[in-house]
Every structure is written in C-alpha cells, then in structure tokens.
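Record features (TrEMBL):
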type     : residues  : note
TRANSMEM : A:12-29   : transmembrane segment
TRANSMEM : A:41-63   : transmembrane segment
TRANSMEM : A:101-119 : transmembrane segment
TRANSMEM : A:131-154 : transmembrane segment
TRANSMEM : A:179-203 : transmembrane segment
TRANSMEM : A:232-252 : transmembrane segment
TRANSMEM : A:264-293 : transmembrane segment
TRANSMEM : A:305-324 : transmembrane segment
Amino acid sequence: MGQILQFGINGLMSGAIYALIAVGIVSVFKATKVVNFAHGYLIMFGAYFYFTFAVLLPGMSWAPAWYVSWEPAWLVEMKEGLPMFSPLGAVLDWLTNLPRVIIGLIGALAANAVVGLIIERVLMRPLMGQSVFAMIMVTVGLISVMSGGAQLIWTADANYVPSLAPNTPIRFTLFDTQIFLFGTDLVNAVIAVLLFGAIVAMVQFTKGGVAIRATAEDQSTAYSMGISVPRVFARAWVLASLTGAIAGAILATRNGVSPSLGLFGFSVLAIVLMGGLDSYVGVFIAALVVGVLEAMTQWKFGGDWAGIVPYVAVLLVILVRPHGLFGQKEVERI
Amino acid sequence: MKLNRRSFLATGAAATGVIGLPAIVKAQPKEYVVAQSLPMTGPFATAGQLVSPASKMFEAITNAEGGIGGVPIRVEVEDSGYVPQRALANYQRALATEDNLVMYFGDSTGFMKLVAPELKGKNATLMGSTSFATELANPEKNPYQYVAGPTYEDQFDILLQNIANEGGSTVAFIYSNTEFGRDPLAHGRQKAEELGIEVVLEESTKAEGADIPTHVTKLAQSNAEYCILQGYVTGVWPQLIGGARQLGLQTKFMGTFWGMEKLIADRVTAEAGPFLEGYLGVMPYRYSYDQEDAPRYRTYAAFQKEHFAGTPLENYMPTWGIEALCSMEIGLEALRRVANKGLELTADNAAEELAGIQDWDSGGFFGPNVSMVSNKIGTGRVYQYSTESGLFEPRSDWLSV
C-alpha cells in the first residue's frame, strides 16, 4: 500500500505540472478555437527568459553582489559547519539564490507576456475571420521560428537554473513504508495547482473570464454584445504565455534549459485531447490521471512501457468520448 | 624519317599521350571532401554546435600538414537534427554532389545502422561517427564503419571490473529508452554475473525530461551500491545524481563516454551544488587539459587560442569535440596510408588500411599506442570528477579490453 502511495504521489506531482502546461493550450483554444501547436515553444521561451534573468544577468560584471548571491551575515553564520546535503543547508543555499529566483520569475513572466502579445498581434489577429485551419498552420510554422530563434539568441547549450524552492527531502512513514518526496517538486506541484485554480476561477467569475467564455460560444454574438473579441484573443495569448513562463521555469529546474524543452508541448497535447480541448476541469483530471498512470507503469513495468500505457489510455478515452472527458460536444447545424 | 607537317603532328600527339597518360590516369583532384552530419538542432544541438568548429579546425590543421598526399581537404557540415533519416539524406546528397568524398562522419547509432546496407560499391565511404555501439565494430558486416574507441559494452566491462576491484557486490543500470541506452545492457548483465556482481535494478527512463523522483525512489529501494548511467548526454544524469544525493543515497554513480562532459558537470555544480563530487566514468581519451604527453592536443590548443578566442573553445575542447577529432584522425591516418602507397582513395583501400592500423601513436588521444581490432580501439580509463578542481581526474591506468 505504501508503495502505491509513493508512486501515486510522484505521479500526482508530475500530473500537476502537465496540467499547468495544458492550461495554456486550453486558454487559447477556448477563446480562439485555435489549437496552439507551438505552446511547448512558448514554454521553452519562458524557460530561457527565466535562465536569462536568473543566471545570465547575475553573471554580468555590472550585476550587484546581492543579485549574484544574497549572503547576509546571519545566513553565512548559519551555514557555517553544516554538513553537505543537510536539509537546513539546502534551505540556506536556496535563500542565497532567492533574489535571482524572484527576479528570474518576474522577468520571465513579463518577457513571455510580451512574446505572447507579439504573436497574437502580428500573426494571429490579421487572420481573424479567416479559416481556423490557417491559424493552426501558423502555430505549426511558429515552431520552427521559435526553435530557430531560441538557438540564435541563447545558442543550443544545455544550461541549469536555480530551483524555485529549496530541494529539501521530505520523509515520512505510511503503511510501514518510508515515503520520499522532493521539497522542490512538492512546491512546484502546489504552484501549478494554485495557478490552475486561479485561472479557472478567473474564467468562471470575472468579467474578463465571461468575455472569454462568451467568445468561445460564438464570436459573432460576442461581438454584437459589445465584447471586444480582439482583446479577448490577446488576453488568452497573454494568459497562455504567463502560465507558459511558470511552467517553463519549473521544467527548467527539473530538466535544465535546452531547445528540447519545446517538445514537452506535444506530449501534453494528448492529455488536452483526453480532457477535452475546451474544458479546464477535464484537462486537470486527465493530467493527473496520465501522471499517475505514468508513475505506476514506470514502477511496475519500467520506462519502456511508461511512454506507451498512458497514451493508450488517452486513445481509449477518445474512442469512447471523441470530445474528451469533459469537452463540449459541438452540434453542426446544416 | 622525313619529318613533314603530318608526321610531326602525329608524333607530337603520340608523345603527349605517352607522357601525359599516367598523369591523366592518376589525375589528382583539387581537393578531397570530408562530410559530416551533426545535430546542429534538436535534442543534442549542444554537442553538435561545439563539434562543428572542431571539424573546421581539423580541416585547417590537416591542410597545413599537407592534406592527404598533398591534396587539401574540405570539411562540409550539414545539420541532421539528430534524425537518422535526415542524416541519411545528407549522406546521399554528399555522394551525389561531391566527386571526391573520401570520409563521412555520422552523428548517431541510428544513422550508422540505417546507412550500413547502402555502403556498397560506389556508394561506400569510410565512415566514423559519434557512436560507440557494439554492432558497428564488425568489419565482416560493416568494413567501412569504425568506432573511435571502446564500444559501450567495453566501457561497461571497464566499469564493472572497477566495481569488482573495489569489492562492490550490487549494481543498478539506469538507461535512456533509446538504442543508445539499451546497447550494452545484455552484455553488462552477463559480465556482472561473471564478476559476481548482482544487478539489483534495471531502470529505463526518458532520454529527456525523465521523471526523476520516480527513478530515484526505485534506486533507493534497490539499495544498489553502484549505479551505471547509460544513454544520456546533457540531461537526466545530473538530475538523477542530484536527486539521489538529496535523498541521502550513498550509491556511487558511474557513466560512459557521453555522460562525462566537464562543461555539463561544471554548470550543474555552479547551479545545484557539489552533487557530482566523486562521479566516476569511462573516458577513452585524455581530457583536453591533459596536454603534457599529448602533442596533438598542444597543436589543437594553439589553434583554439588563436581562432576561437572569446568562445568556450578558447581554452577547452569538450569531450564531444575530442571524440569527433579522434574519429577523423583515425580516418585520416587510413587515407594517408592509402595515398602513401600511391593507390586510389577508394573506400575499399581505406577500409583495408584502417584494419591495418596497429601500435599507432595517436598523438595523445589515448595513453599508450593503440591498435584497431575489429574496427574499434578498446582502450580507456576511469576518471573521477572533483567539484573542487572542476576537473575529471584519472582514477585508473589505461585499460585495454
């Protein structure tokens, strides 16, 4: 039983991050009916912006000392004599990076929002009123542009970034089994769930959210009711970029920064299809299910199966419910 | 004989023909071409973009030393994106467009296996690569392909022997779910059994973006004393080691060639702390900073200082670049031997000379003189990373398998 819990928790933590990645795809689809194939690359840009503000800028000669490493006297004093890899040491090490982490996150959010706005204003808005297929094709083309652009700006070097939270190990016993968790993964998962909840609440209860839902229902009617549809489009892209920035920063702390981060978007696309392209709740559940299935398969059958089993489940769900678990069934009237 | 206009022209033409024929037959080309597919984009772009300048350095130094039999070489690099089919298309294009293609450098095991059946007759070219796959070291099947060092199986042998020598009794194999990751597993299992070492875990992971907590949990439950990591380049292996250390695992981690890069180890140490202290692995070649007994490295270093100033290559050549350079130097040695014998630089002649490389002084890539046996060079040694010095330091003598 303890084992099941251990791998179940691992899976839930991965699933929460999948959900955070997926929320950007759903936001854009809900408002614009466009499946954004380039969302993984928007996340990759978020990761690179975090790397820029948290690693590259502090490395500049003009960067103030506190930005490079924050070491007040009390912190230095506390660190003295601590054994290597001690839990307290991990927290104190993280504290020295705190200014970099905060500035990195703020910088990534701001810069990625600008990227999202540019994409919407320059590439998407001129296509409004055209076939949705054309807009989807633009997002496919965007993959090459963003992937090549990132390599031109940051090169293809693999790099590493400071963790968003202290990586203190958490241990406890459950059903006579020792459970291990990584502090940083737990915090990442909590951030992902909170953000997801905030977005769902925003879409459900705010004026802007109502505008997104109205536009998703019918663009022409939304226009005629005084809703600025272009602004809704822009808002959806900014939302996707902001969640993408956080997801990018989290992925960067887990896997390092490299151009391959862009590929994560594709693996999450299947989760979005499983949950329903226009359903936040469905996608959240699907992300958790895939995360847990992956971890359980990894535990029982090994990695070769872990890459297949969850996606077989996705296929089965789509066969039974083509619009996904909670997706809205479209009625075509002739 | 009376010399009139007609007989003069006839005699002149005959004389020109007799004198000129050998030159026509043995017409030397203006240049030879060495073509490469490198992952300039895609998951291993980090490696490809660092190897590319090394290839240009190889071209410049080779030409400064007289090329091949006095003919200069030209190195042509094309991007494969680490997709074997794209690399194959690059090779076919090079065959079609380059009249004097004498050597090719491939970027993956996948490409080398894909291209192997095509290497026949005029489509054959001497071919090195980034791969240490066991299947490539088979001259009966692939006479034109070679491995510039020990195969992954050989590297596993060296590591397992090292574990046995240290008195270790349990080992875990963690590998990426790629051909590259799986290559030495069956052999490793067998070798471990021979040495009395129990393989307590075989764990497959994604090559990028692996679920670190799950893998580390399984490693912790296996209680392995040693863990060999196989099939990674820039990612996963540092995170696995970091995760294990955070959980307080005492497992000793070991890697094979592609997981032994100082640049990666340094960056991980700078951002995540001294997790990699004591990390061990097999390296077929000296690191570029170990130049005392490596004259070839000194030549490279002088070139790098002059031409790569201000770049990461100014003072250090990554192991990925060293491997590509070594592979091309081996091919060059075979081609020069063909040229010195006055033979045409065909793939068959080159393959014959390649197989004959014995007791070769590599200029310092390898410690001792080495021989090509079954189209591979089974020599390497164990290095250990020190977070304090930021260097991989030798932990064994040069071993041959």
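Yeah, the Cβs are placed from backbone N, Cα and C, and that goes for glycine too.
What TrEMBL says about a protein is an automatic prediction, not a curated fact.
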Taking A:41-63, A:131-154, A:179-203, A:305-324 as candidates, which has the most Cβ pairs under 8 Å with the transmembrane segment (A:12-29)?
A:179-203
Same-chain Cβ contacts of the transmembrane segment (A:305-324) under 8 Å, 6 or more residues past its ends?
270-277, 279, 282, 286, 289-290, 293-295, 297-298, 330
Under 8 Å, at least three CB pairs between the transmembrane segment (A:41-63) and the transmembrane segment (A:179-203) (pairs 6 or more apart)?
no
Could you check whether the transmembrane segment (A:179-203) and the transmembrane segment (A:101-119) come into contact, where contact means at least 3 Cβ pairs under 8 Å with the two residues of each pair 6 or more apart in sequence?
no
If we skip the immediate neighbours and take only residues 6+ beyond the ends of the transmembrane segment (A:264-293), which ones have a Cβ under 8 Å from one of its Cβ atoms?
7-8, 11-19, 21-23, 25-26, 29-30, 35, 37-43, 196, 199-200, 203, 216, 251, 309-311, 313-314, 317-318, 323-328
